[in-house]
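Enquirer: Grabbed the feature section from Swiss-Prot, which reads as follows:
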REPEAT    464-497  repeat 'ANK 1'
REPEAT    501-532  repeat 'ANK 2'
REPEAT    570-600  repeat 'ANK 4'
REPEAT    604-633  repeat 'ANK 5'
REPEAT    637-666  repeat 'ANK 6'
REPEAT    706-734  repeat 'ANK 8'
REPEAT    740-769  repeat 'ANK 9'
REPEAT    773-802  repeat 'ANK 10'
REPEAT    806-835  repeat 'ANK 11'
REPEAT    839-868  repeat 'ANK 12'
REPEAT    872-901  repeat 'ANK 13'
REPEAT    966-994  repeat 'ANK 15'
Amino acid sequence: MHSKELQTISAAVARKAVPNTMVIRLKRDEEDGEMTLEERQAQCKAIEYSNSVFGMIADVANDIGSIPVIGEVVGIVTAPIAIVSHITSAGLDIASTALDCDDIPFDEIKEILEERFNEIDRKLDKNTAALEEVSKLVSKTFVTVEKTRNEMNENFKLVLETIESKEIKSIVFKINDFKKFFEKERQRIKGLPKDRYVAKLLEQKGILGSLKEVREPSGNSLSSALNELLDKNNNYAIPKVVDDNKAFQALYALFYGTQTYAAVMFFLLEQHSYLADYYYQKGDDVNFNAEFNNVAIIFDDFKSSLTGGDDGLIDNVIEVLNTVKALPFIKNADSKLYRELVTRTKALETLKNQIKTTDLPLIDDIPETLSQVNFPNDENQLPTPIGNWVDGVEVRYAVQYESKGMYSKFSEWSEPFTVQGNACPTIKVRVDPKKRNRLIFRKFNSGKPQFAGTMTHSQTNFKDIHRDLYDAALNINKLKAVDEATTLIEKGADIEAKFDNDRSAMHAVAYRGNNKIALRFLLKNQSIDIELKDKNGFTPLHIAAEAGQAGFVKLLINHGADVNAKTSKTNLTPLHLATRSGFSKTVRNLLESPNIKVNEKEDDGFTPLHTAVMSTYMVVDALLNHPDIDKNAQSTSGLTPFHLAIINESQEVAESLVESNADLNIQDVNHMAPIHFAASMGSIKMLRYLISIKDKVSINSVTENNNWTPLHFAIYFKKEDAAKELLKQDDINLTIVADGNLTVLHLAVSTGQINIIKELLKRGSNIEEKTGEGYTSLHIAAMRKEPEIAVVLIENGADIEARSADNLTPLHSAAKIGRKSTVLYLLEKGADIGAKTADGSTALHLAVSGRKMKTVETLLNKGANLKEYDNNKYLPIHKAIINDDLDMVRLFLEKDPSLKDDETEEGRTSIMLIVQKLLLELYNYFINNYAETLDEEALFNRLDEQGKLELAYIFHNKEGDAKEAVKPTILVTIKLMEYCLKKLREESGAPEGSFDSPSSKQCISTFSEDEMFRRTLPEIVKETNSRYLPLKGFSRSLNKFLPSLKFAESKNSYRSENFVSNIDSNGALLLLDVFIRKFTNEKYNLTGKEAVPYLEAKASSLRIASKFEELLTEVKGIPAGELINMAEVSSNIHKAIASGKPVSKVLCSYLDTFSELNSQQMEELVNTYLSTKPSVITSASADYQKLPNLLTATCLEPERMAQLIDVHQKMFLR
């Protein structure tokens, strides 16, 4: 950055406002533009600053169980704050925040919650569900299928990113295209309001129609893609060799595609069931029958294609998996994809059985069309007009079967019957031999069908009069309702007959508040159940309270109605419903009952006072005047009524609570007091109100769990106006530090709020205060994408060479993240470009490790030393080699060609790293692909095509074609590796061909240790990381082998005795480390650098002790528990792990105790096995013959590997 550019930044920072976007972008790196949530997640993961925000977003709505009761406002406010509480409870990672890895995507959360509200609305509105049992069954299996698919998503993405085979790439991408369409369309409709949701489902070329085509075997359908992968003529999904990545990718795509296929079936069933219920609720029998048919047909079709006959998709996939599992070489498979599929085979078989044995809970029989409808002409006749019964109208009837929650389609409508003088006919229906109920529906003229009533299986006669009483009770004309109800009841109408949502005439009367009907007819009948509940557990008192029928509420209470009755699903009382609706008179009538329990809680712990807060202050005042009211009641989430008043920004309600002496400082389960919510929301109105009552509320109130103040929250949530309002207060305390020693200045810097930063500095915030990690504000600013923040801090005296706990300077922070502009600015201001971290890394090392090319170029242009070693004796170019970053390697060699000079230490180290990477590739190939017949030339070409030899080509020193020059050495190395491994497997016999006998014996004797290791611990060999241990044996063998074959020249001696010295039982520690990790799939702390939590340490110690016992038992031949107190072993291991001390010392002490051999004898044994002329060790008993073989696999010190450098580099440079 030139001085002119620096002046531009300084000038921009000096302005009162933040510089405009265009100016800022000139200073920021290209990669610092706006990123999607997924892009930001990937960046944070890549630089090891991932946080829990990303994983929580998708589940956030699930934490807001009280949405239907308390409302959308509370949900949208509390959800993101709950996320922050989770993040900060374990200590905020300030570096993660500085990189925007903790940014709370409020818009995304709001969108998710709005979708959730719409879903809830749809469910609450679903009063009648004819296919409810179908929905339950489908949803349960759908959730399982989707869980499996979601768990497989990451690896399926990996397949898409790494697939190279053109043959299967188009097929796999076809599966992915369908998957993306499926998920995108589902997401598009998920949160729509009910009417739009249905409209999208019914689109002629919409999602349902498109998904039905998934079964079509042609074109770009999912079915055609899966059939291509299953085609036995190609066998794409069956590996030919153990590392046939193409086949494993095809196999994984096949499995994933099958799960998607099943998911489509369940999604279609779920949506068509919803449509069937939608039409049922609307009384649209024609479309209900059509959707009923759709559900049955879809299930039958998909069931057949997935599990039918000998050609079911799932059967075919399982057959392929079983074929692969039976391959002779598959036990050595090193494919993560394959291992996962093996674990999921059982799940696929379970899914197959579920589908195959499932019968949809539908009644296939269709009732007969009604034909016997009689209008009485006796004393029971009911003259017209009454209700819908008017002379001249036509009435038709239809029937539907119902049994245990299962339904049939509607029957055909009967012939029309014309009403003439009489109403309410009697219907005759035959007894159902299958003992199912018959639901009777009626339709006047061409109007909407109505549910008329239920006939039990044994009933043959049904008088159509009960629905008319229910309709009369709902009549808005109360006088007419009384007259009609009187007549209908006299003629036999059943007051308790249930209709919509299982509501009776009593519920209907309560809804309308028709006291006259209730007094004159219903309540005089002592047998009437006034506690009768509808489908959701609402009694007539609930209905009246929610409708604000104050007089009817009083009438019911006077006649003994339970004033504290609770609904079945949410435990709401009538008082909850009345307060939520804001009906103050109804609330007062309820409160007058001597039996009222004013503090009853619903499912989420909210009392009527909580719900009242979300309505009006008059209702709140009525409750507060009750002597038993709990003003400080807390919900399950710890929210008080005052919390809700602040969240709802209702100052009148807040004032009422303050006047009633409510506690204003109670903290919820996330340790948030009301003032913390006000600050987090950025509510200036409520903040000013709370500040105005400082005698009751402290503006410096801290959370109990992490010591955050309101100012911390306002800054973290980027509520600048709220932060400024707090900073106006003379008594604001800027010295309070949160957990992790976080100041408000740290947070302001980490969230990039330059105006707040300036204000804090004006108010005297300590610019050099350090976080728990030792970061100053300048360290954090160096991580931010805005270089002007660093400018402000430095201009205010920030220490440019401040050190963190890891000895990082701000320059290190900027370089590691790749903040090129900030790096340049810091260097211009005198930052030490050669400063080292605790591990000896310079800024250049860190930039290289982070693959930040532009920053590396900047540092090199500013004079960074590219020959500076870190504590591991690595130069920056070595980091690039380890990363396989070819462009970075070339950049360094352009700057200094001597870096590949084999006569220099740095050149030899580079070549050693390259050789080790190549040897690892070869070892993995041969150890896993012994069934393949590729010759050296073909293998060389494969390595070349895969780019595995590019580094070797780059480091070739001679003129001419690097590939052709390096090729002979690679071919010899391949041949050598192949030969030694062949001899290893044979375990005996003399070498043939051009290899001389002594050298081949060395090869065999050296590799025999690895074979012993394999036989003794076979489980380890199956795991990926076991390759590292045998690789060391190969490297030693190669070094001893090459001189005798005259492959290279060297001044050093490579005899076995030069490699072995001071061997004792500690030599087994590396083996034990690998052994333990492979059995537990965990990496243990054998070096004692950090402590481990108690439960983790306990579990780990038990596993280590168990495997250690197995190892010692194998060596001795008798149970180790008979010789050693294993409980004591486990206890000592646990103490070591928990305290962070080396486990190695514990293991070693017991190994010494267990062994009868002293250190000298162990050394003799090891040398014997490596010697070309074995001698007899008389002191060794037969019981210990296995031990040296185990020890020799790991006993050599890692530093001795450095002696391989000379030979390895000569291989590539000759």
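Backbone N, Cα and C define each Cβ position, glycine as well.
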Enquirer: In terms of Cβ proximity under 8 Å, which residues at least six beyond the ends of the repeat 'ANK 13' (872-901) contact it?
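Expert: Distant contacts of the repeat 'ANK 13' (872-901): 839-840, 842, 844-845, 848-849, 851, 853, 856-857, 860, 866, 907, 909-911, 913-914, 917, 950-951, 954-955, 957.
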Enquirer: DSSP on the repeat 'ANK 12' (839-868): how many residues come out helix, how many strand, how many coil?
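Expert: Output for the repeat 'ANK 12' (839-868) reads 16 helix, 0 strand, 14 coil.
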Enquirer: Could you give the number of helix, strand and coil residues in the repeat 'ANK 13' (872-901) as assigned by DSSP?
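Expert: The repeat 'ANK 13' (872-901) comes out at 21 helix, 0 strand, 9 coil.
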Enquirer: For the repeat 'ANK 10' (773-802), what does DSSP give as the number of helix, strand and coil residues?
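Expert: Taking the repeat 'ANK 10' (773-802) as a whole: 16 helix, 0 strand, 14 coil.
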Enquirer: Which sequence positions outside the repeat 'ANK 12' (839-868), separated from its termini by at least 6 residues, show Cβ-Cβ distances below 8 Å to it?
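Expert: Here the qualifying positions are 29-30, 47, 806, 809, 811-812, 814-820, 823-824, 827, 833, 874-877, 879-880, 883, 885, 887-888, 891-892, 895-896, 899, 906.
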Enquirer: Do you know the DSSP helix, strand and coil residue counts for the repeat 'ANK 9' (740-769)?
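Expert: Counting residues by DSSP class gives 16 helix, 1 strand, 13 coil.
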